[in-house]
Amino acid sequence: MPNFAGTWKMKSSENFDELLKALGVNTMLRKVAVAAASNPHVEIRQDGEKFYIKTSTTVRTTEINFHIGEEFDEETVDGRKCKSLPTWESENKIRCKQTLVEGDGPKTFWTRELNGDELTLVFGADDVVCTRIYVRE
C-alpha cells in the first residue's frame, strides 16, 4: 500500500484560474483565491485506507477525513457542499467523485497520485483540469 503520509509543499500548479472560472467563480474572488493558493501547505496522515488531509493557505484551512470506499461530506474547490466517494483508481492513485448536495454545477472530482516523493493532485470540473504537483518536505 502506498504511503501518502507526510507534509507536502507545492512545486507547480497549472490551470487553477481556469478551474475556478469553470466553477463560475467571479474575477475578483479568483484573483484572491489564486494568490492565496499559490503556496499551500498540505499535511496527510494515513492509517491503511483511512486518510486525514489538512490543506492550509493564507486565506483558509480545510480538513477532510475519509476511508477509501466510504462516502463522506466535503466542499468543492469553490466551497459548495458535496458528497464525495474516494476509490483506488490504481495502486498509487485515489480518485474521488463529488456530487453536489444541492443546486447544479459542473461534475467535479479530484485525484491524488503518489510517484516516489512527488504527489500529483488533480482537480476537475467537467472538461477543465487543474494539476498541482507537490514534493515531500
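Keep in mind that glycine also has a Cβ here, set from the backbone N, Cα and C atoms.
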Among 10-20, 21-31, 109-119, indicate the range for which Swiss-Prot gives the feature motif 'Nuclear localization signal'. 21-31
Which number gives the other C-beta atoms within 10 angstroms of the C-beta of TYR134 (all-trans-retinoate binding site), all protein chains shown included? 23
Ten-angstrom check, please: count other Cβ atoms within 10 Å of the Cβ of ILE133 (all-trans-retinoate binding site), all chains counted. 17
